[in-house]
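> This is the structure, below, for whatever I ask next.
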Amino acid sequence: MDPPCSLSARFEGSFAYLTIRDRLPQILTKVIDTVHRNKNKFFEDNGEEGVEAEKKALSFFSKLRNEIQTDKPVLPLTDNQSDTELWNQYLDYQKTLLNKGETPSWFKSPWLYVECYMYRRIQEGLVLSPPISEYDVFREGKTESFFQSQPAIIALCTYLQELKNNVANLSENQKKEELSKLLQVCLWGNKCDLSISGGLDNSQKFSILSSLESFMPFILVNDMESVWAVLSGSKNLESGKELMKRVDIVLDNAGFELITDFVLADALLSLRLASEVHFHAKCMPWFVSDTTKHDFNWTIKHLQAANHKWMSKCGVNWKENLQRSCWIYHEHLFWTLPHEFCMMAQTAPDLYSELQKSDLVIFKGDLNYRKLTGDRKWEFTVPFFQALTTFHPAPLCSIRTLKADVQVGLKPGVGEQLSSNEPDWMISGKYGVVQLSTSV
């Protein structure tokens, strides 16, 4: 059976259409503003060359914004980076899906493709504007979100330290409850997505922990029991010894959400549900608030230097986890390609075989869910493993709040009822899933 058609702005009035029409130009306007405001910094760092680069980048971004708004054809990349050829091959592939004489364009091509392409074009605009090529146009928003989420970060770091101090006294059932709590914290931390708010303040200002019970009815797929079963089945029955267990987390947003991922990763080690945690981040600024290597290291460094004892204790511990290699950082170009994940084995076989070593791969956030399911018009009741088509490297769990109109694995009638009661239920971030597939 062929999978359904891709979500696309050609469906007028759809969320994809509104994203391309309104949100992407709005994000580019913010990028233009950020680059312009940093003109003096570019001058201080690079003299006149920096000012010229700023002008060149601004011109590039203004032209890009116009291309989107007027539904121009998608252009090949020209920046000779290590992924340029892959992007241009993907453009050729998109052409093969169209009728003769048609060309891929912003409002006619798959939404997943053109939205990813916009962020890669932003990167191209900087690469072609040396010496400001390394500048992260989204960094200001990410650091601001981190600082504005301080009360929630303090509450979470404090909770983690109390859990670790008490871990020896916990029964198996209590450990299961703690895992469930921290999975929920990871889920609702995923609300802090700057690409959805167009880069406006979207920080976490209160402690999520106190709200978990009231949020429970909004979890549409709750596979937390099964996640516990996957992680806790780690004893060798003959010897009673614990087996090595690897968990991978494919990261989403920097800021508060990244802290929730770190807290979960630390707790997995303390609860002896994992012996090593591998983090996968983006190798370039992406979707406004996605985590890069700089964000990853910056966050740990800022926690270490915090004047709150449990925040700084977390920072110190997490740095040690990296030094001891029980936390391992990865980045791969594939995460910033437009390909859906069922193409990973073919396009990035090295990454696919890396994920195959995992006992559980956790995919954070909406973009990962869209790529897992191919960002298609699936029926709500289609089983998750079926929507993954050929992508089954290891048991995998998606943790996302809904901010795009794709959702599978619901019980019959649930999607329809929500659609009639709350037309924006799939895009508001109010609902979430912790959705597991154990197909391998």
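Just so it is clear, glycine is given a Cβ too, placed from its N, Cα and C backbone atoms.
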> Check each of the ranges 52-55, 368-371, 400-403 against Swiss-Prot and return the one annotated as motif 'Subfamily III RTxK motif'.
400-403
> Using the alpha carbons only, what distance in Å do you get between D252 (Mn(2+) binding site) and K403 (substrate binding site) once rounded?
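For D252 (Mn(2+) binding site) versus K403 (substrate binding site), the Cα atoms are 13 Å apart.
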> How many other Cβ atoms sit within 10 Å of the Cβ of E257 (S-adenosyl-L-methionine binding site)?
28
> Take the motif 'Subfamily III RTxK motif' (400-403) and find every residue of the same chain, 6 or more past its ends, with a Cβ under 8 Å from one of its Cβ atoms.
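Distant Cβ neighbours of the motif 'Subfamily III RTxK motif' (400-403) are 187-188, 190-191, 193, 196, 220, 363-366, 368-369, 425-433.
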> To the nearest whole angstrom, state the Cα distance for the pair L367 (substrate binding site) and N253 (Mn(2+) binding site).
10
> Could you tell me which of these binding-site residues, D252, D366, N368, R370, has the greatest number of Cβ atoms within 10 Å of its own Cβ?
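Output for this query is D252.
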> May I ask you to report the DSSP-based helix, strand or coil state of D366 (substrate binding site)?
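Assignment for D366 (substrate binding site) reads helix.
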